[in-house]
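As structure tokens, the structure follows; a few thoughts come after it.
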Amino acid sequence: MPTIENEPKLDFKDVLLRPKRSTLKSRADVDLVREFVFRNSKKKYVGIPIVASNMDTVGTFEVAESLSKKRLFTTIHKHYSVDQWMEFVNRISSNQDILSQIGISSGISDYDFTKLKKICGLIPELQYICLDVANGYSEVFVDFIRRVREEFPRHTIFAGNVVTGEMTEELILSGADVVKVGIGSGSVCTTRKKAGVGYPQLSAVLECADASHGLNGHVMSDGGCTNPGDVAKALGAGADFVMIGGLFAGHDQCGGDTVEKDGQKYKLFYGMSSDTAMEKHEGSVAEYRASEGKTITVPGDISKTVQDLLGGLRSACTYTGAKKLKELSKRATFVRVTQQTNEQYATFEISPSELQNLNIAI
């Protein structure tokens, strides 16, 4: 019999972080670097826990090279060939530290498993594996995690996506170190419209983080971040990592075809279950599938976006009195709201790229 859960579930747009007494004198005093030791691999991670999504227009080698300079992580998309991986490794031979800030993504087919073994065998410095499916609740996926854990006992495994505590626990007990949390919350994801399935992201992170941390596991909030404030809320809710797609899309280092509109250049960005993605990588849209993604155009430049993102995190920590990023979840108190911002001039707002084109001195 169908049931209804009456407890309200919240998204990032439903809350704000409450400011608290702070002894910090400047945003520059905030330490954003985290250290984790993972439950199953026993490996140690050191860096800023912001992760570029493994979408094929975001998780590129060029993005990884750029983000690693700021100690941010990149999950490389699964569509690079073995030869392309080797070309990348040869290109960065003078800076192998980049490999400590990237992970290889894989699907769950036998072909994917064979390819994963080959690449990891050729590049032993590659220590992170991201197992990525839209629906992390399938028994096939759980079995595949066990298979990968058996083959790679010392690699750190990211796996998802799920949105509930009990499935988070199952993935961790099956061999995952970090569980990706989020279904339907992505900026170019339409799963909630097409399938009617999903879960508000803030509540999903709160519940999954609680379940994961009880097993000494970790969680990665994946999707739903439309601005730096949302990233701060995800971390405040208990996420150990935050995966970002839309905020990083469209930059010079990203993949995607470049198009021109009104004299301005843009890059295509699409969900990995969109018609665009399925046509590109599978040759066609399977008859049994509906497109669960959008194709949009977005402008951008990644260095400024990273600066804006890290600045927002520092501000959130300063307002809440967190001297270190690891303290944010302990200091966070969320207040429910009916309105996030004053939108009086929203109609007239222009983006930084549009401002540059106006040639106005500020």
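Note: Cβ is positioned from N, Cα and C throughout, glycine not excepted.
Where the annotation comes from TrEMBL, it is an automatic prediction and has not been curated.
Since we're looking at a predicted model, the values are computed, not measured.
For 10-341, the entry in TrEMBL reads domain 'IMP dehydrogenase/GMP reductase'.
In the three-state DSSP scheme, Gly184 (K(+) binding site) is classed as coil. If you look up TrEMBL, you'll see 26-27, Lys78, 132-134, 183-184, Met272, 288-289, 315-318 marked as NADP(+) binding site.
Gly184 (K(+) binding site) is surrounded by 23 other CB atoms, counting those within 10 A of its CB over all protein chains shown. TrEMBL lists Gly184, Gly186, Cys189, Arg192 with the feature K(+) binding site.
Summarising the annotation, TrEMBL assigns active site, thioimidate intermediate to Cys189.
In the three-state DSSP classification, Thr191 (active site, proton donor/acceptor) falls within a helix. Residues annotated as active site, proton donor/acceptor in TrEMBL: Thr191.
Here the Cβ of Gly224 (GMP binding site) has 26 other Cβ atoms within 10 Å, regardless of which shown protein chain they belong to. Per TrEMBL, the feature GMP binding site maps to Asp222, Gly223, Gly224, Gly245, Gly246, Gly271, Met272, Ser273, Arg289, Ala290, Ser291, Glu292, Gly293.
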Take the domain 'IMP dehydrogenase/GMP reductase' (10-341) and average the pLDDT across it for me.
89
For Gly246 (GMP binding site), what is the tally of other C-beta atoms lying within 10 angstroms of its C-beta?
21
Starting from the Cα of Asp222 (GMP binding site), work out which of the binding-site residues (Val133, Ile183, Arg192, Ala316) are within 10 Å.
Ile183
Just to verify a number: CA distance, Val133 (NADP(+) binding site) to Gly224 (GMP binding site), in angstrom, no decimals.
17
Count the other Cβ atoms sitting within 10 Å of the Cβ of Thr191 (active site, proton donor/acceptor), across every protein chain shown.
21
